[in-house]
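Q: Starting off with a structure, shown below.
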Amino acid sequence: MRRLKIGIRPQLIIIVCFASLFSLLILGIVTGIYFSANLKNLRLERLLVISQLKRTQVQQAIQYIAYQVMTVSEVDSLTVPLSNYRAGNNSKAVFSEAQNYLQQYVLTTDSFTAARLYDLDLQVVASSFDNMTLISESAQDVVYPLQPNRSMPPVLGTPSGLYFTGPIANNSDNFNSRYFMGITVPVLSNSSIILSQPSISGYLTIVAAAESIRSALNSTSEDDYQAMAVQPVYGDPQKGIDNLSQNAYNGDNEVIGFKLVFPVENSLLEAGTIYNINSSSSMKTALASNSGTATGVKSFFGKKVAIGFSRISVQDNLNWSIVIVQSNSVFNGPANKLRKITIGVVIGIGAFMCFVTFPLAVWFIRPITKLKEATEAITKYKKEKLNSVNSNSPTSGSGSGSGSGSGSRANSDSSADQSLSLDTGKRNSINSSSFSSSYSTGIRLPARIPRSKKIFKDELTELSEAFNIMTEELDKQYTHLEDRVKLRTKELEASKIQAEAANEAKTVFIANISHELRTPLNGILGMTSIAMEEEDPNVIHDSLKLIHRSGELLLHILTELLTYSKNTLNRSKLEKSNFQILEIVYQVRSIFNKLAHDQRVNFKILVKPNIFRKLIIYGDSNRIIQIVMNLVSNSLKFTPVDGSVSVSFKLLGEYDHERSKKLDYKKVCILNDSSSSTVAVPPPTPPSDTKPNPKPKSTPTPKPDPTRSHLVDHNNRSANTTSPLTPVRKPTNQTKNKSITNNVTKQNMKIRKKKKTNKNLHNNNNNNKNDNSDFLMNRRLSGSHKFNNTNDEELSPTAIEKNIDKYLTSSADSDNISVTTLSTVQYETTIFESQFKSKPLPALPVDAKPQVSGKIDENDVNDEDPSGGSIKDDDSEDTINEKQGISSSPSSSSSSNEKQENSPRSNDSTTVTVTRPRHNMMPSAQDFKSYPTFDKKPEYDSNMSNNEIVKNNRVYRIRNMYQPKVWVIQIEVTDTGPGIEPALQEKVFEPFVQGDQTLSRSYGGTGLGLSICRQLATMMHGTLTLKSTIGKGSTFTLTLPLPQTGEIMVPPEDMAEFCEDEFNPAAKINRKVAFEDGDIDTESQQQENPSSEEDTQGDRNVQSSTSSSPPNSSSTDSALPASDSSDIGGTNKSKTTSHGNNKNINAKKRIITNSSASSTKGTKRHTNNDGGGGVNGNHSDDNKDLTLTIDKPSLFTRGSTGTANSGTTSSHSDKKILYPTPTTTTTTTTTTDHTTVLDDISHLRVLVAEDNSVNQEVISRMLKQEGITNLTMACNGAKAIDFVKESIENNENFDLIFMDVQMPEVDGLKATKMIRKNLQYNKPIIALTAFADESNVKECLNSGMSGFITKPISKTNIKKVLVEFLSNEVVTS
């Protein structure tokens, strides 16, 4: 089919005309829309600027009036009469000067028309008004807010309060009536020269004319816009307007209406009339935000308007919005005019283009015609040339290489030439059939142009394929771009959903945290007001307790918020040190045993495998304790009565750092574990285990032979499969293996023999398990102090420590902490107590022998060190007080000053009690304040500098790891609570999210605890996960990689005893049996000597469930009936009795009978008063008198009843256990001093440098309660330096200085440096700081301070500081 030919000239004319018109149309539309939008935006910005200018004018006018009023309120003519009146001068003449001043002020100013001066009873004591301007009665009721029958606005209760009333028209019926507004401010005066801060003595109300404010709102052109001052009206949509909150924002109400402050000309809205907020979308928009613009909104009368608004922010009750209103017709007038101009221009240009296109087309087509003719000529010549070449080429393919090549090229050219044919009969035509496709380019399309079906063709047809290729490429790019846009859209939608969820969570959090913050504040304010009106000291004391607990709760909430923010900003740092896992275990148990007992929750702690106890690991133990405390406290909070909470500490295996790093530490991987799970096979069972630990199904491990487990030699590494360590050096001799099977068999026979005997005896004890005397006794004692074993007659350092302990456990210490603030207080207490101890773990000397013997022979004991019983062995200097009666007196070695202690252990092992300096003691449960408990000595005594540790009176050496290994530990906290929904199990780790997000939730909290725990776990490259089942409970799993830096060298024969504690499920202490002392021989006593924290260092027998124990003991099963070998009634009575005599105990070693062994039925234990104990003291039989040294605070829990001091016979008839008195002491002493070391410290001089008067009062009263009366107060660092300098010059040095860190003039750090360097002051300086952070603590200590106390200041911390730093001063004095 032949195509109809149309020349390029007509096509060009049509295309140019169409293109010009179409382009102009597009340009006109785009330009019109763009410039119209810009013009509207400029108009809106104009309205906004006008509203901001009006707002500024009004605000400046109001502030100017307020400034004048505040200036008047500070005039002496007003403040002095009020101060005199408040001081008691009630004469009428006292306010005459104020009356004259107000009258003169009102008459001489045009802005003010009236004034009133009120006293604190809101009675008018002076008033003045302008006779020329009379204020109507209705207006006076509004502008004068203070009346006796009205409540005073809360804002006036603050010294800087400012309260506005009005404006109100003097005559509401007259449009031009004057407007007045009242400004009320408190009048401050200082009625006493003692007080530095002025107080509120009265109030001043001045009525000012509001004409200056009204004039600022007048518009220059009424036809252009209207300026309105709009005041929102708050209230409940259901109940209506709240008249009390019309002038102030109330968070519980919302804007339900509005009213005009001043009338507006040419407006039907009346000033002072309240209109519904929904009746005008323009006002609703204006009152919804502080400033902005809006178009297309409707006015009160339904007309579309454009507005610009800005809100005034002067005071809470003055929240006007300045609204500039412009009608839609006026606002869109310039844009409509621009649109008409654009349309006219487009039509004119289109007509002009059509007129000039025809002659231009004729002229422009000539080059194209010439080019076509030249192309046709070239094509014709090429075709003829190719035909001649084809005719001359050979027909055969054979011939020379040249001929073959020519023939090939000729055939190729011929075949190519056949694709072109020249139509010589027609003009301006080219046959393009050789192309596979030919598309029309009549219009430009973004897609591939199909082959044209037109009946004509032109020169542009050949360009269609190239265009289509380009179009295909563009199509690919557009498609790829569209996919990317869709992907970005999905990401934006996901981000939007996530942001909405976060906003919703924050909204719920704000509601919840408001309740959490107001709850303690309500307790503080309410109980304060109650205590101020009470006269009963007991009621006041109870009120103060509640105030203290509420303050701790508030501190806990704020600390969690600050901790989360600090972790989010990556400002938290890990404070790593060497520690043993039992340190964490004992602290957790000490903290939560009492809480679980009170809640009747079975609380258990397990450590497995037993070899875990031998590891010295390196990490931030405080952060680990913080995580575990948070998890355990959450479990106890949600676990019901008779439920259970268990904490298990597991050693999983060696850490695979490479795999964990590849996973970005999202999981903690273990070596030789093919799966990505963090669960791995635990190490083989250590010697003391009776059954293998459970292993995961995925990685089976052969069960170790229990008969060979306790025959493993530590020095024989080829046979040792339980130790995770590699040898440091080859030992010189082998340790002989020894089995304890025979001993265990004998012991089991005795267990069965005595089980029946004790059955009835334990049942009788059940009736006394809830005696309140033990609980009251526990609440009056503090369990956070250290003890040392010594028999010193003089005030040696160890004797001082004993008296210090007595001082700390006095009944005056009532600083009981709150359950709710447990974790916060514990962590801050850990930081506080870190100044009293350090735990270095130096490298083991090259020539040192890895001695692991726990037996010290008498021949190894040499001369004592004067520091309080220090003796030397072959390798190191140890402070050892042998149980057989090794003398510890620094001044005499005679036997008269020695004490014999009877040990129930066998003769083949010497039991020793090792006393260490306080700074070398390994922290244990008593080092952290939890619930007040009995004072006991730490379970562990370590001397890290000598690389040794003491447990159960046995000395074990610590070997350093020269190639430390990194182990994976797992801490699981499992409870039987209600569980967490699956949808929330991952969200609970997000900030501000809780398991119960409703406002009716049963438990409080900020929703940040678990988030902080996961942050801390992530900082340590660990994980924190949750598994929970609704109705069954939850399990939180903390998995951490921690490097091992050392190992406690325990011989295989001592491994069973070393692992004998309540945290070992296979330990003897957890067996449900009891013994009577009369039938237990020395051998069985040695085998049944557990190492739990509740056991004392003397006679320790395996106990059954005690009758006084709660269902939360970590060592027994709550399902079994409770029983005990001690009479709890007698124990409780003795605790109450002995507490009264606690202050009369001599400053000597405390001797106490173990309540779990010494108070058994039918057994008598007498203290040894013969005084004949020497170095070679005789061991007493089990039926003879036994003495026992109290270890540490005994928690009143199952597995260990409360321990009571006993200096008399434990009788079965009266069932009383008494503390030793001076007449029944177990030591032969010649001293008659019955006072403690710190009983008389009134002579000591103390300087307190504190700038805050309240803090000065607090610390001064606390120090006076402790007996220090010679106090000197300094308000800044410069004063403190002057006082110290003056005391040194007068030879009356201060014994102790409390230095605040932040003070004016000279801060505490700089002052300390100057005192230390310039004045050579060498006495203790204690920092008082509110920033309880490790970095701040280090800065304080580096500046020369001796210690620190964090604010809020605690009496317990004050006591500890006095004990630590004033003991030497007391002894010297």
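Placed from the backbone N, Cα and C atoms, the Cβ positions cover glycine too.
Not measured: the values here are computed from a predicted model.
According to Swiss-Prot, the record shows the following:
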TRANSMEM  13-33  transmembrane segment
CARBOHYD  N89  N-linked glycosylation site
CARBOHYD  N131  N-linked glycosylation site
CARBOHYD  N149  N-linked glycosylation site
CARBOHYD  N170  N-linked glycosylation site
CARBOHYD  N190  N-linked glycosylation site
CARBOHYD  N218  N-linked glycosylation site
CARBOHYD  N243  N-linked glycosylation site
CARBOHYD  N278  N-linked glycosylation site
CARBOHYD  N319  N-linked glycosylation site
TRANSMEM  345-365  transmembrane segment
COMPBIAS  387-397  compositional bias 'Low complexity'
REGION    387-440  region 'Disordered'
COILED    456-493  coiled coil
REGION    675-777  region 'Disordered'
COMPBIAS  681-704  compositional bias 'Pro residues'
COMPBIAS  705-716  compositional bias 'Basic and acidic residues'
COMPBIAS  717-745  compositional bias 'Polar residues'
COMPBIAS  749-759  compositional bias 'Basic residues'
COMPBIAS  760-770  compositional bias 'Low complexity'
REGION    841-933  region 'Disordered'
COMPBIAS  887-896  compositional bias 'Low complexity'
COMPBIAS  903-914  compositional bias 'Polar residues'
REGION    1080-1230  region 'Disordered'
COMPBIAS  1104-1118  compositional bias 'Low complexity'
COMPBIAS  1123-1140  compositional bias 'Polar residues'
COMPBIAS  1197-1211  compositional bias 'Low complexity'
COMPBIAS  1221-1230  compositional bias 'Low complexity'
Q: Per residue, counting other C-beta atoms within 10 angstroms of the C-beta, which of the glycosylation sites N89, N170, N278 reaches the highest number?
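A: Its Cβ has the most other Cβ atoms within 10 Å: N170.
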Q: Restricting to the chain of N190 (N-linked glycosylation site) and a gap of 6 or more, list residues whose Cβ falls under 8 Å of its Cβ, or answer none.
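A: In sequence order, S83, Q197, P198, S199 meet the Cβ cut-off.
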Q: Of all the glycosylation sites here, N131, N149, N218, N319, which one's CB has the most other CB atoms within 10 A?
A: N319
Q: Given N89 (N-linked glycosylation site) and N170 (N-linked glycosylation site), what distance in Å do their CA atoms have, once rounded to a whole number?
A: 38
Q: How far is it from N131 (N-linked glycosylation site) to N319 (N-linked glycosylation site), counting Cα to Cα, in Å?
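A: One finds 32 Å between the Cα atoms of these residues.
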Q: Just give me the nearest neighbour of N278 (N-linked glycosylation site) among the glycosylation sites N149, N170, N218, N319, Cα to Cα.
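A: With Cα distances computed to N278 (N-linked glycosylation site), the winner among N149, N170, N218, N319 is N319.
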Q: According to DSSP, does N278 (N-linked glycosylation site) fall in a helix, a strand, or coil?
A: helix
Q: May I ask for the distance between N170 (N-linked glycosylation site) and N149 (N-linked glycosylation site), taken between their Cα atoms and rounded to an integer number of Å?
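A: Cα-Cα distance, N170 (N-linked glycosylation site) to N149 (N-linked glycosylation site): 23 Å.
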Q: Given N319 (N-linked glycosylation site) and N218 (N-linked glycosylation site), what distance in Å do their CA atoms have, once rounded to a whole number?
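A: Approximately 20 Å lies between the Cα of N319 (N-linked glycosylation site) and that of N218 (N-linked glycosylation site).
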Q: I'm trying to understand the geometry here, so how far is the Cα atom of N218 (N-linked glycosylation site) from the Cα atom of N149 (N-linked glycosylation site), in Å to the nearest whole number?
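A: Roughly 38 Å, rounded to the nearest whole number.
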Q: Restricting to the coiled coil (456-493), what is the model's mean pLDDT?
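A: The predicted confidence over the coiled coil (456-493), as a mean pLDDT, is 76.
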